[in-house]
Structures are given as structure tokens and as C-alpha cells.
Amino acid sequence: MYHLLRGLHEYLTRKEEFSVIIIGLDGAGKTTLLEKIKTLYTDTPGLSPDKIAPTVGQNMGKITLPSTILKFWDLGGQRGIRSIWHRYYDDCHAVVFVIDAEDRERLSEGWEVFDSVLSAPQILGVPLLLLANKQDSPQSLSVEEIRNDYEEWHRRKLESARRSYGEEMDVQHRAQRIASLDVMGISALEGTGVRAAVDWLFIRVQNSRRR
């Protein structure tokens, strides 16, 4: 009877584990975000921003929520490291793409990389969260401005493709890609919006087609 009750208790209290990858350009604040998540959700505070170095390879963090464990993989964003991102696509349950809303000079580069992530067949239908980071800075673009900037960048890209190669926009294909996309503003430094982002991930991974 003891073993039966113990087994029942373990079954009722078991937590399902989901993997979330955090990607984006170098300097966007990915590791700062992960360390802030650790501080907010674990007993061991994450690293302070002044002790965070550029990620070469990956960092991992795990948090426990009701009935769920979220395992975060923070992947380096330098140009030479982005080539390994695709190795994590097959096993992830959600993707977080962090954009530096303050660094306007690198927005086009960020959108180019973001668009390549969107086109990856492995993450079709996987929850995708675009985080406009550094909202604590008065120079940062708002969430709405980030949305508009990406849409304008994408429109110019399509027009360029039509002129150069005669390619037409595949409306249905793009709609499938962005169906699971949401955009939120955060300050990884101050923690503003981080809990809302984690709540979004918690809800979406439960309903993800990849389980």
C-alpha cells in the first residue's frame, strides 16, 4: 500500500519539463534576462549585470512553476556562434528572441537574423516570443515602434526580392510563421516585464503542439 500511495503521489506531483531557447544578437541582453529570471524564480540569485560576460556557447537555467519546469538555454549571439542555434530547434518547446530596442543601428541586422529564425522549418508552430529589451532606456523604441520597424523592414525586403528575382510574397506561408508570435517589452536589467514574459511562456508551452 505504501508503494502504491507513493507512486500515486509522485504521479500527481510530477512536473513536466519544457525547454526554451533564448537567442538574439550579441549585446541584446539575453544573459541578463536569464540571470534576472533566476533571481526572480529561484532561491539562488543570478549574476549581477556587472559580472556578466559575453556568452561563448551557452548558459542554462532552470525554474520551477506549478506543474511545470522551464529549462532556459541562453545561446551566444555572435555571428560565428549563431550557426549552432539550429541544433536546439528540434528539442525546444518555445523560442525567445531578444532584440535591443535601444540599438537602432543594428535593428536591420537583428531583423535579418530574426527572419532566418522564422524561416526555420523545425520551429513552425512553436511559441515564439519577441522581447524588445532595454525599455528602461528613454532612447529605446516602444513595442509598437518595434513592431512597425520589423514590418517596414520586411516590406522593403519583399520589394527588393520582387525587383531582383521576381519573387512574390507568400501570404499564407508567412501567416503560418507568425501565427505563434507575440511581442512584449521588457527591461532585463530592472526586471520590468520579465514575469509577464515567463507567464506567457508558461501558458504557451502547455498548449504547444510539440510536447
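Using N, Cα and C of the backbone, Cβ positions are placed for all residues, glycine too.
Curation does not apply to TrEMBL; its annotations are automatic.
Going by what TrEMBL states, the GTP site holds G24, L25, D26, G27, A28, G29, K30, T31, N133, K134, Q135, D136, and the candidate of G61, G76, G77 recorded there is G77. Within the same chain, residues at least 6 positions away in sequence whose Cβ sits under 8 Å from that of G24 (GTP binding site) are K30, G77, F97, V98, I99, D100, G110, V113. Residues G24, L25, D26, G27, A28, G29, K30, T31, G77, N133, K134, Q135, D136 are the ones the record ties to GTP, and the longest Cα gap between any two of them is 22 Å.
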